[in-house]
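Heads up, the thing below is written out as structure tokens.
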Amino acid sequence: MRKIVFEQVGNIGMVFLLAAALIQTVTFSTKSTILFGSCWSFFLIWTVLFGILKWLYSKFWKNEGYKFSDGEFSSKDEREKVISSKAVTFAYKVTITILLVECLIFAELDINSSYLQIAGIFFLSGSIIFAFLAYMLSWIFYDLKI
Amino acid sequence: MDIINQVKRYRKSHNLTQESLAQAVGVSRRTIISLEKGSYTPSLLLAFQLADFLEIDINELFYLDKGLE
């Protein structure tokens with residue numbers, strides 16, 4: 001369970017910082033210049049740090065079955081593979097539902113073009129974060145249930 | 001229709017701990033706990049590995065619960 005929480009917290013942090021960096025760039029860039037603000041630095045630092053932590057986790061906690069390349073799909077045995085499969089199914093359903101709701105909300109929004117990019121980044125990154133959360137919470141639920 | 005297993009019974013008759021049985025068949029202790037509780041149905045491979053390690057016929061270790069039919 002710990003490896004899934006570790007992986008998903010890292011992933012959520014990465015997507016959150018990427019969204020913040022993109023919004024910052026979209027907000028402060030002009031037609032002639034593209035600005036890369038401080039959020040890009042935080043995003044890059046987080047990504048490198050998370051990568052190092054993932055590598056250390058896979059090296060020093062081998063008994064948990066965490067693999068660097070598999071990430072949140074790492075499994076120690078067949079039971080955890082079943083849990084991952086169930087969690088993916090649940091996360092898929094949640095993500096599709098959220099995207100459908102977002103389509104409806106987006107269609108109803110009265111926004112001008114300058115805010116359209118920001119709204120797009122906000123909705124899409126929010127969907128990814130919800131997908132990560134749905135996977136993590138359902139993984140924990142099935143781990144306790146099975 | 002559920003699958004009944006006698007893993008706990010045969011593990012105890014072999015004086016094995018959940019941890020040692022788990023290590024012998026290459027799964028986690030949680031998997032053995034789930035198996036014994038009946039909340040997890042093992043793959044065919046794991047079922048055969050357990051039967052082989054416990055030296056018991058697989059049909060005695062796992063069988064269908066036909067009681068409610």
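Glycine too: its Cβ is placed from the backbone N, Cα and C atoms.
TrEMBL: automatically predicted annotations, no manual curation.
What TrEMBL records for A:12-28 (among others) is transmembrane segment. Same-chain residues lying 6+ beyond the ends of the transmembrane segment (A:12-28) with a Cβ under 8 Å from its Cβ atoms: 34-40, 42-43, 46-47, 50, 117-118, 121-122, 125-126, 128-129, 132-133.
Annotated transmembrane segment per TrEMBL: A:34-57 (among others), in sequence order.
Annotation source TrEMBL lists transmembrane segment at A:90-109 (among others). Through the fold, the transmembrane segment (A:90-109) approaches residues 119, 123, 126-127, 130-131, 134-135, 138 of its own chain, all at least 6 residues removed from its boundaries and within a Cβ separation under 8 Å.
Long-range contacts of the transmembrane segment (A:115-142) within its own chain (CB-CB distance under 8 A, at least 6 residues past either end) are made by residues 1, 4-5, 8, 11-12, 15-16, 18-19, 22-23, 26-27, 72, 82-84, 86-88, 90-91, 94-95, 98-99, 102, 105-106, 109. Positions annotated as transmembrane segment by TrEMBL: A:115-142 (among others).
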